[in-house]
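In TrEMBL this protein carries:
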- 336-454: domain '1,3-beta-glucan synthase component FKS1-like' (DOMAIN)
- 500-520: transmembrane segment (TRANSMEM)
- 540-560: transmembrane segment (TRANSMEM)
- 572-592: transmembrane segment (TRANSMEM)
- 604-626: transmembrane segment (TRANSMEM)
- 669-690: transmembrane segment (TRANSMEM)
- 729-756: transmembrane segment (TRANSMEM)
- 1538-1556: transmembrane segment (TRANSMEM)
- 1627-1644: transmembrane segment (TRANSMEM)
- 1650-1674: transmembrane segment (TRANSMEM)
- 1756-1776: transmembrane segment (TRANSMEM)
- 1788-1813: transmembrane segment (TRANSMEM)
- 1859-1880: transmembrane segment (TRANSMEM)
C-alpha cells in the first residue's frame, strides 16, 4: 500500500503545481495535464462538484495553501460520503492520493497543530480578500465598457476570461462555505448569492445557456431564440407540477419539465433536447421573413414545418398500418400541442440509445405515450405515467424512469440476440438483428406487445446463450427472423436481381436463334417456323421465374413462423403459379413442336400456345407499365380499389413499409432509359458479332463429330455430342457475356460524365495563367455566387460600371484576404507571396479598383520601358492597353501618387502637384504628351519617387523628415529640369510662386507625415509597385496552394444556389467518429527512426521542403534550422501541429472542420456591419472591414447557432483514466477550438447491493475557462452501447448531441479548407425542394473529395486517381441522369431530421452492416429519399498509401460488398427499383465486385477448358480432322478480360477526368507516368484482392473491419508479412494459373505455334506474375540485398517456429495456418470447399495417360497405379517428417531407416528408367501431376478439420501444408533474391515508388549522415 501511496503522492505533487509557462500543453497535455481533478473517478456520482473544488484548489495552491488544503479536505469528505467503502473503480486510489496531499500540506505548510475550527473563518476572510484583490465589483463594468465600444480586441478577450475564472473560483468557495458553515453572515450571504448569479460559465451549457444568466453569450439576445424559448413555456392546458419538482431559478417551467416529470426522462437528456428543439425552432423561424417585434413570437408556420418534418415517419407509419395517429385531426391541433408532441418524440429519441436503430419501434412507443399523456391531460392532474414505473410502484412517484421501463426491456432482448452471434461468426439466420426487430413493427401484430410492455410476449424471448448450449439447437427457444433471412449463398445474386439474369439469358437465346434462323431460313425469314423459334423464349422465361419462386421459398426458411401470414401465402402462391405456368407453357411448346413434325396437323396447340403467350406477355407488359413508369404510377395507385388489380400487384411485388413509391419523374426516367439503351445496344452488338456468331459454326461441326479417340480413360464424353468440348469453347465467352455489360457501362458513363462535367464548367480554370487572366472577373462572380444580394449594387442607376466593380471588389477583398492568410497559416505560401496575393480593401477614397500585387508586379517598370521606346502617345496607349493589368497598374500609380502627395504636402507643395497633374491631363487631351514631357527620362522620376516612398512608409523621425524633404526636392529638380519641356508661360503666375518658394527654401519644408492607416497602406503599396522587379507569374509556387485557388475560383462560375444570409441559412452539424487513431504526433513519434534511419519528420521535410521552410519562417527560425534547434516549447508544439497537419490525424480534421465556424463568423460579421452601416456608403471604411471578426460576440453566437462540431471519441473516458497521450491531445484540441465538443462513452463501476455494477453513460464535454474538460450532458444508457459494428454504434450514441437541419459526416482522415467552408451555406440551399432535383427534395447531398495523399508514393497516386475519378466523374453520372447515387462514406451532408427519425445515418447490425455507410444510402432511397451530388465544393480526404494498407482496405470493402449481397436492403432495391435503375444500382454496387470476380474466373474457365482439350486428346483430334476453330470469339473474350484485368476500363474515366480538369497534354503526361510506375500491375493485383475477399465472404463470411493504419509508409515490409497477407488471396491462385499454363504449353500446343500460345495466354501470364511479385515490387527497399537476406532468415524462423498457446500468427507459421482455415465453419462451407478442391485431381488424371511409361494404354488401372505411386511418396514423406519427440529414444534407427528409404527410392527410379519406358521427362511430368493432387487432398483435409483431427491425422496434414508453403515461398523468393544482386533494380524501384524529392533526399542523407539522417536530434 505504501508503494501505491507514494505513486499517488508523486502524481498529486505534479498535479497541484500551477503550470504557468504552458509547458504541459506544449508537451501534449494542455494546462492541467496530470492535474488530480483529471482523475476523479467517474463512479463517484457527484464528481462534477469534486472536479470544481479540486480545480479551485489547483488555482489557489500558491496564493493560499491553507485554503487549498481546506478545499482538498472537503473534496475528500464528499468522496467519502459518496462511496464510504471505496467499492467503485479507482475510488480507493483517488482517496489515497487526495489524503497524501492533505498530509503533505499538514507536514510542510502549516507548522504546529492545525486548528480546524478556524477553517470556516479562514474561508470567509479569504472570500472577502479574494474579491477585493481581483476588483470584482469593477470587473463587470470594465468588460461592459469595452464591449459597448464595439471594438473587439484580444484585451477584451483576456478581461472576459479573467472575469470568468474569478467568478468560477468564487462560486466554488461560496458552495464550500454553504456546505461546511452552519451560519453565514447575512452580508456575506448576500455577496455570495450576488457573485453566484454572475458566475455564468460555471453552469455547464452547450450552445444556448438556457439554465444560466449569461451576458457574454449573445445567442440569447437573438429574437428567434427568444421566440423559441417562449413558445415552450408552460401553457394553461398542462396540469400543475408538484411544488417540490426542481426548476432552475434562472428560468420558468416549460412543457419539457412536464414531460420530464410524468415519464421520468433523465435530467441531462431533457436539457439536451430542450436546446435541440429550441435550435430547430429558432432556425426555422429565422428563415421566415417576419418583421421584428418587441416581444418575439414563434410563427405557426415554423412550428408546423418542424412538426411535420420530425413526425413525418410516424404519420406514414400510421398510414401504412391504417391506424389513427395520436391526434384525430392534424389541422385542429394547437401550436402548443404540436410542440408538446414534438418535445415528447425527441425526448423518446434522445434516450432510446440502441433502439434509435429501430425507427418504427420509436413510432410505436410514441404512439402509446401520446395516448397516455392525453389521458393525464384529460384528468388535469400531473402524475407519473404507469408505463414508466415498475409494476409494484404504480400509483406512487417512486422509480419512474423511461429508460428502465420502456427502453431497457427492448435493449435486453436486442443485446441478448447480439451477444448470441458469437462475435459475428454465427450465421445471420441464427439470430435477430436490428432490422428484424424493427420490421416486427411494420405489422399490426406488434400491437400484441401492449402498453406497458407485455414482456411475456415471444418478441421479448431471449435466445439460449450459444456457448453454453452448443450441442443443443435451442430451436424451441429461438424466435425466428422477420420478413427476410440472410442465408450465406451466391444465389442471392440471382434472387435479388432475377430480372437482369432473365433478360441476359433471353437475349443470349435470342442471339442464338437469330443465327439459326438466318442460317436455315434465309429465304423465308417470316415463316411459321421462324415464329416458333422466337416463341421458344416463353418456356425459358417461365422456367427462370419458377426458379426465382423456388428461391423465394428456400430463402425464407428460418422466418416462416414469425413473418406475416400474408407474405408467406404470397410466396407459396407464386411458387404454385410459376410451377403450373412452367409445366403448361413447356408442355404446350413441346406439343407445338410435335405438331410441326406432323404434316397433317392443323396446329391447334401452336395457336393456343401463341394466344397464351400473347395474353401472359400482354398482362406482364401492362403491369410493368403500371408499376414502373412514373407517369402511370398514380393511375396504378388509383386502380388499387379494384380487387383483381390489387391482387396482381400484390402477387408481383410484396408491399413493405419501405420501398414504396420509388419512382422518378418522367423526364428523369427517359434520361436513364436512353443511357441504358446506348449501353445495351453496344453490349449486344459486341456479343452478337464478336462472341456468339463466330462460335456457332465450329460448335455445329464439333457436335457432329463421333469416334473421337481420347488419350485418357473416358468416363463422361460418350454419346453426348461432345458436350464437354463445346462447354470448354463456350464457357469463357459466356463468362465475358455476363460481365461485359459492366465494361460498356463504364465506357458510356465515363464519356457522359466528361460531357456533364464540361457542361458544369469544371476545369475551366486549371492553371495559374488562367487565374491571372480572369482575376478581374472574380469579384463579380463571387458576388453572384457566394455573397448575399446587395440591393443598391445593381439597382441604383447612378452607379456606373466602375462603381459596381469597386463595390464588388470591396466586398470580395476580405474573403480573398482571409483565404490567403489561411494559406499562409498552413505554410503553403511565404510571407512575400502572401503580401503579393493580398487584395487592398478597396474601401478608401481611391475611386478605382486596386488589384493584388501579384497581378501588377513589374508592370510599372515595363510601362516605363514602353513609354521610353514609343514614338507617339497612341503607340504608348495601344501597347499598355494590350495588358489589362499594366493599364490598371499605371492608372493606380497615377492616381495614388497624386493622392499621397496631396495628403503629404502643404501650401505651395500641393500647388505644384496640382499644376503637374493638370499639365499632364492637358497634354494627354491634346495628344502631345511626347512633346511636353521627356518620357525617355521617366526612370529618373521613378527613382526619386521610390526614394521618397521608401522614407514615407517608415515611422516619422527627424532624420526621416529631412530625408523626405531632400527626396521631394530632388524630384522637383528632375521634373523641372529633365522632364518638363513645354512652355510655362501659360501658367506663369503659378510657376512664379513655386520658383519663389524654391528660392526662399520654403518649398516642401512642411510635411504632413502619412499616419492614417489607409494612407500608410497606399504608400507601402506604391512603393511595392515601383520596386518589385520580378514577375509574379509563378505565385504561389506551392502546387497545393495553386490547386486550391484554381478550384475555388473555378467554382465561382459554376451553378451554385444563391446563398441566404447567415441568420437565415440552414443550420448544420459536423460529426466525426474517432476511436484510437493518431490525434497529434508526439516528438517521439516524429523523430523515431525506422531500420533505415528514416523518421516521419525527415520524410515530411523531404516531401514538403517548401512548406518546411515556410513553417520555420512563421515561427521566426532560420530556414536552415534543424528540428533540434527548436528549444522553445511553443515552437515544439507548433512543429507537432505542422507535422500532424500533413498526416491523417484528428488534429488535421478538427482544424479543417473548424473553418466552417470561421467562415460563418466572417460572413455574419460583414453582413451585420453592412446592415448596421447601410448600403448607401459602399466605400465607407466600416462596411467591408473584417478586422476583429473572430472576437465579435454576435458573430460567434450566430456561428454557434448555425454550426456545431461533435467528435465522438468512443473511448476518451478510458484514455483519460489510463493517462493515454491521445486524451491529452484531444483536450488540447478542445482548448484551441472553443466550439469543439467531444462525446464519449463513460464506463462507471458503482457498488450496488454489495456487488460492482457497471453503468454506461453517453457524455458531452467541452473545454472550460481553465482549459480542462467540462461536462455538459451525461445521459445514462441501458447497457453497453456496442452491440453491433463499432463505428455506427459510436455515431449513434453521440448523434443526440448534434444540432441543426443537416449533418455532415466526416471521417477522421479528412480535411477542409477555408475557401470551401465559405460555400457551405450555398450547398445547404440544395435541400430546397425548388432546386429541381426531382419529385422529392434531396435527403443526402453528395460532396466532391480531393485525395490529399496522392503525392506520397506511386501507389498513393494510383489510389488517389482511382478514388478521384469515382468521387467526381463516377458519382456525377450516378446522381444525374441515373438517379441511383448512394452514400459511399464521407463527406456527404444528410438531411438530419429525415435520417434521425428513420434509423440514423448508418446501420449497425453485426457483420451484415460491416460497410455501414452505404446502408445509409440504401435506407434513404428505400424510404423515398433523394441523393444528389455537387462538385462546386470539395473536402480533403486521406487514402491508404502502402500496398498492404490498400489491400486491407480493399479487402474490407470487398468483404462488405459480399455481405451486402446477402442483405435485405439490396434484395428490396433489386426487386422494387424499375428495371433500368435496378441495372444502374447492380453494376455500381455488388455487380461491380461480381464482374471483377468473373474477370478472374474467366482466366480459370479458359485455362481449365484448354486443359481438358489438351489432356483428353480432343484438341489434337480436332486439329487432325482439320476443323477450323475460329478464334475470333475466344480472342474477343480474352481481350475484353485482359483489358478489364489490367485496369484499362478503370483508366478510361481517370483519363477523361484528367482531360477535363487538367487539360489534354497534362492528362497524357499523367497517364504515361502512371504506366511507367507500373499501374497495370497494381490494378491487376487489386483485382485479385477484391475477388478473394468478395467470394470468400459470400461463401464463408468472416468480413470484419480492418484497421488499415493511416500513417506514412516509409518502412520496408518483411517477406514473411507479405507472405502471410497474400499467400491465400494471391500466391496460391497465381501458382495454380502457372501450373495450368505449363500443362497447356506441354500438352496442348503441339502444332499451334508459339505466337498463338503467347497471344492466347499473355493475360494469364501477366495476371500470375503480377499476383506473385507485386507485393515485393511495391515494397520500399524491396530489392536491397541486405534486407533480402534478413527477410529470408526471418521467414525461415517464422516457418519452422512451432508456436503454441497464445502464439500469434505473426510469430509462427502454425498459428497463422490455423487462423487461415478458421473461416470454414459450416457444413455447407465444407462441402463447397470440397467440391472446389476436386479440380486439382484433373491434373493427375490427365497427365498419367500422357507418360511414355504407359504407352497407349487408357485403362483405369493406369490411374490406379498413379495413386499407388503417390501413396509411396506420402509414406516416404512421412518417414522423413517423423516426429522428433517420439523418436528421441531411437534416433540412430530412424536415421538408418531414412537413409535406406532414400537409397531404395532413388534406386527404384533408376531401375525403372533403365528397364521400362519411364523417362526423365515422365518424372518431371509426375511431379507436375502430384503437386496439385497433394494440394487438393490438403484443401479437403483443411475443410474437414474436425474429422481429420478425430482420425489422428492432423499433424501429418500440417506437415504437408508446411512443405507446400515452404516450396511456394522459395519459388517466390528466388526471383526477388536474384533481382537484389543488381543494385540498379533497387534504384529503379525507389524512383518508381516514391516522389523524386524524397528519393534524392534519402540517398544524400544516407551518404552524409552515415545512415542516420536525424543525427542532429
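The chain as shown is numbered from 1 upward.
Using N, Cα and C of the backbone, Cβ positions are placed for all residues, glycine too.
Automatic prediction, not curation, is the source of TrEMBL annotations.
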| said: Between the transmembrane segment (1627-1644) and the transmembrane segment (1650-1674), are there three or more CB pairs that fall under 8 A, provided the residues in each pair are separated by 6 or more in sequence? | reply: yes
If you count CB pairs under 8 A between the transmembrane segment (500-520) and each of 572-592, 669-690, 1756-1776, 1788-1813, the winner is 669-690
In the same chain, residues at least 6 away from the ends of the transmembrane segment (572-592) whose Cβ sits under 8 Å of its Cβ atoms read 532, 535-536, 538-539, 542-543, 545-546, 548-550, 552-553, 603, 605-606, 608-609, 612-613, 616, 651
Quick tally over 669-690, 1538-1556, 1627-1644, 1756-1776 of CB pairs under 8 Å to the transmembrane segment (729-756) gives the top stretch as 1538-1556
Within the same chain, the residues 6 or more beyond the ends of the transmembrane segment (669-690) and with Cβ under 8 Å of it are 507-508, 511, 514, 629-630, 663, 737, 740-741, 744-745, 747-749, 752, 1376-1379, 1474, 1476-1477, 1479-1480, 1528-1529, 1532
Its residues classified by DSSP, the domain '1,3-beta-glucan synthase component FKS1-like' (336-454) shows 83 helix, 2 strand, 34 coil
Next on the checklist: I'd like to know if the transmembrane segment (1788-1813) touches the transmembrane segment (1627-1644) in this structure, counting it as a touch only when three or more C-beta pairs sit under 8 Å and are separated by 6 or more positions.
Outcome noted: no
If one takes Cβ-Cβ under 8 Å and requires six or more residues beyond its ends, the residues near the transmembrane segment (1538-1556) are 739, 743, 746-747, 749-751, 753-754, 757-758, 762-763, 1361-1362, 1364-1366, 1368-1370, 1491, 1495-1496, 1499, 1562-1563, 1566-1567, 1570, 1575-1576, 1578-1580, 1582-1583, 1658-1659, 1662-1663
Whole-number mean pLDDT, the domain '1,3-beta-glucan synthase component FKS1-like' (336-454), equals 90
